[in-house]
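Everything below concerns the one structure shown next.
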Amino acid sequence: AGTSGPCDEGRCVCKPAVTGERCDRCLPGYYHLDGGTPEGCTQCFCYGHSANCRSSGDYSVHTITSTFYQDVDGWKAVQRNGSPAKLQWSQRHRDVFSSARRSDPVYFVAPAKFLGNQQVSYGQTLSFDYRVDRGGRHPSAHDVILEGAGLRVSAPLMPPGKTLPCGLTKTYTFRLNERPSSNWSPQLSYFEYRRLLRNLTALR
């Protein structure tokens, strides 16, 4: 989990926030050795009270989901200018969809259960299934938007120059942190990103 690349004759190159001959310990000021993060460990966040922290085994995992089994589950749709768009629910496919005559983007707007204090989601993932049937196949820098505490970040569904697959449902996953590898822009500081998640007012 803590190495970048294979070890050569017992010598390992550690990820930036990892130390030890076997790259098995976090540097001071970091915790939670995790193979899924490019840095290897997460920076401690204690509101400036301390730079020392360690992982706890005493926690529970809570996933916030919308399955659309019965209805739109509180989701809405809006055009880019903020005016409402029609959001429909498919009983057959158990999903929600919106149709737009023009090429202007339509955003799916998350309900309250995804908003508020989501600070414990820092470093976790935001995932959703999405399908485009016609038109609007070019990603933009503002496909996914998070807003809160006077801050706003956005990310594209796919890298620039690529087109979204047509008629194919694909799962898109975004890491909720400020690191460049997570593709959010503008680039916030660690504390700004934590502040954004602590008071999340919109997820589109």
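Including glycine, each Cβ sits where the backbone N, Cα and C put it.
According to TrEMBL, the protein has these features:
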DOMAIN    1-43  domain 'Laminin EGF-like'
DISULFID  C14-C23  disulfide bond
DOMAIN    70-204  domain 'Laminin IV type A'
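Residue counts for the domain 'Laminin IV type A' (70-204) by DSSP state, with H, G and I taken as helix and E and B as strand, are 18 helix, 46 strand, 71 coil. Sequence-distant contacts of the domain 'Laminin EGF-like' (1-43), counting only residues of its own chain at least 6 positions beyond either end whose CB sits under 8 Å from a CB of the stretch, comprise 51-55, 123, 175, 179, 181, 190. The domain 'Laminin EGF-like' (1-43): residue composition by secondary structure is 0 helix, 12 strand, 31 coil, according to DSSP.
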